[in-house]
Amino acid sequence: MSQDGASQFQEVIRQELELSVKKELEKILTTAPSHEFEHTKKDLDGFRKLFHRFLQEKGPSVDWGKIQRPPEDSIQPYEKIKARGLPDNISSVLNKLVVVKLNGGLGTSMGCKGPKSLIGVRNDVPLVLMNSFNTDEDTKKILQKYNHCRVKIYTFNQSRYPRINKESLLPVAKDVSYSGENTEAWYPPGHGDIYASFYNSGLLDTFIGEGKEYIFVSNIDNLGATVDLYILNHLMNPPNGKPCEFVMEVTNKTRADVKGGTLTQYEGKLRLVEIAQVPKPHVDEFKSVSKFKIFNTNNLWISLAAVKRLQEQNAIDMEIIVNPKTLDGGLNVIQLETAVGAAIKSFENSLGINVPRSRFLPVKTTSDLLLVMSNLYSLNAGSLTMSEKREFPTVPLVKLGSSFTKVQDYLRRFESIPDMLELDHLTVSGDVTFGKNVSLKGTVIIIANHGDRIDIPPGAVLENKIVSGNLRILDH
């Protein structure tokens, strides 16, 4: 078959597949109750657009040869932004801002059944929560506790898309329900869905009508993502008079961050490149800390007017992330997702700001949780800051073993959180518990062998020690 014939054949197959998916989605829509019909229709229309793009795209989404380092002025050091000082009228610039926390993820990596944001760490109140159908109900129950607060808390839901069979590429769901057999048939399509779902919720127009100009978007598990008045001042009073429509906070990579998305210059625009987009031969180059020095924290400042304009022009361009999953019954499916930061190339006058590491404190594991619950950090006016008593600004490396993975096990194993001000490195493996007022300094390694148990006694001070299964304490 000629090349032209082959491509015509592929086009016929693609059109037939799109038609089959369209019919399946129409069948699903007929099962929606009347009060959910319009909302479900918007979700399924959004999915159809994404699926259409998925079938059109071929090969890696970036041409490695076109990737360049961003121009110097396109990523500003935070110190330069800070040097411009605070706004003259702080309350008036704060009145232009809406804070949005991405709250679609479950705390499954820490053994939790509900939203990760419901794990109590410090008392902090976000303003707007983007929930998913997985987190909405539990989140609303918790929000009742904050009814007495002066802060207005809004919620909206991201879309609900059907997972598709990896072989047939048809939706797994047969109706709109997501209980029983359909529990695993649906998924929230990544935080890139914020633009469409925020627009569809009506909140975007509401906030523009109230005179709001920017949203500050961040992951709800990043406890370092607080409102920064210096960045806000830069947005409200741009030095060259040209307003920024999109600011991405980046920070310097460490060895732990080599897989994080990085900002590059691509076809004359700032572009976020994720590891999944990198052609295999260049993955090691992408991970290089010397070549790509920064990564995206997912703290983003975005113009509301620009979101409205681009959404209405259908002009927000985000690469599709194909996420393969295996359902409990063994069925292989794929879910199509997008990432909020990938839209940076669609906005005008975008900017990266290289911020201190303290603005990136994600809690994805109980090892992270131990750090932020410890005396390494204190809470000042809603911001977690490293204690002044810590002599060096780096965070200790903490590795808690599988006995600590679930939050309930982790909490049971610490009578109180140890003093970690002078800690460099902690590794704990096996059946280990900590008494009250334990102090950990330098490098501490505690390993309980299979069948052994180690109870660190109350008041113990471990400095540069290896504690092994027979509880002998050896100098490190």
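Keep in mind that glycine also has a Cβ here, set from the backbone N, Cα and C atoms.
Straight from TrEMBL, the features:
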BINDING   Lys116, Gln158, Gly190, Asp221, Lys364  UTP binding site
BINDING   His191  substrate binding site
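Local packing around the Cβ, expressed as the count of other Cβ atoms within 10 angstroms, is greatest for His191 among the binding-site residues His191, Lys364. Closest in space to His191 (substrate binding site), of the binding-site residues given as Gln158, Asp221, Lys364, is Gln158, taking the CA atom of each residue. The Cβ of Gly190 (UTP binding site) has Ile321, Glu337, Thr338, Ala339, Val340 as same-chain neighbours under 8 Å, each 6 or more residues away in sequence. For Asp221 (UTP binding site), other Cβ atoms within 10 Å of its Cβ number 23. In the shown protein chains, 28 other C-beta atoms lie within 10 A of the C-beta of Gln158 (UTP binding site).
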